[in-house]
Amino acid sequence: MEPKYQRILIKLSGEALAGEKGAGIDIPTVQAIAKEIAEVHVSGVQIALVIGGGNLWRGEPAADAGMDRVQADYTGMLGTVMNALVMADSLQHYGVDTRVQTAIPMQNVAEPYIRGRALRHLEKNRIVVFGAGIGSPYFSTDTTAALRAAEIEADAILMAKNGVDGVYNADPKKDANAVKFDELTHGEVIKRGLKIMDATASTLSMDNDIDLVVFNMNEAGNIQRVVFGEHIGTTVSNKVCD
């Protein structure tokens, strides 16, 4: 069976790395995620990763508490690099050649982000983990994921959610009548104000015709199911599938 997508970017929340601890980094949890990604990688799919930093730091609350917003955001970018390094180490543990590239140069721990080099790594079947956001404050890791996916010409962004199995018209934890969408267009997401990604990230995905698949990463095997075309979660594209 052939994969539906040949090149993907997986977007993980920082909280996904915290496991049941809720904050920080839980190494067994990271290793479990890395194992699942490695199993997909064996099929020949080219994989890049963007990981948030919310398990270690959140810039907006820090800014609300009086910290300079720019400094708060830069602090968050460093958190994403920590997550990237830990994930890369776990992927290496499973025999996957992995590179970390950061938007802020820190040559002692990672490569600088260079698009051509990232593409060569992918073509050589290496996983690339992008850290430090886009290197500028005020931009989320969702926007980073959409931008890097466009730059590496990914077929899809896999939004691996922590316990959320798709996109709903209301919060299913608060509304028992919430309805899950199987398919949406990027335009519908923006028009309805659905908070899958921020508006900048949604527009980037729409303009570059990148599919977005939102699914529950807590169920083992779901990344592979998405890659091989099994319809789980919610698929967002420029054209709703038949």
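Placed from the backbone N, Cα and C atoms, the Cβ positions cover glycine too.
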Query: Which single residue out of Gly53, Gly95, Gly163 does Swiss-Prot record at the UMP site shared with Asp73, Ile134, Gly135, Ser136, Pro137, Tyr138, Phe139, Ser140, Thr141?
result: Gly53
Field: Per Swiss-Prot record, range annotated region 'Involved in allosteric activation by GTP' [choices 19-24, 121-126, 229-234]
entry: 19-24
- prompt: Looking at Swiss-Prot, which one out of Asn162, Asn177 binds ATP in the same site as Lys11, Leu12, Ser13, Gly14, Gly54, Arg58, Tyr168, Asp171?
  reply: Asn162
- prompt: Which whole number of Å gives the largest C-alpha distance between any two of Lys11, Leu12, Ser13, Gly14, Gly54, Arg58, Asn162, Tyr168, Asp171, the residues noted as binding ATP?
  reply: 25
Statement: The correct three-state DSSP answer for Asn162 (ATP binding site) is coil
Message: According to DSSP, does Ile134 (UMP binding site) sit in a helix, a strand, or coil?
response: coil
Message: If I take the Cα of Asn162 (ATP binding site) as reference, which of the binding-site residues Gly53, Ile134, Ser136, Tyr138, Ser140 has the closest Cα?
response: Gly53
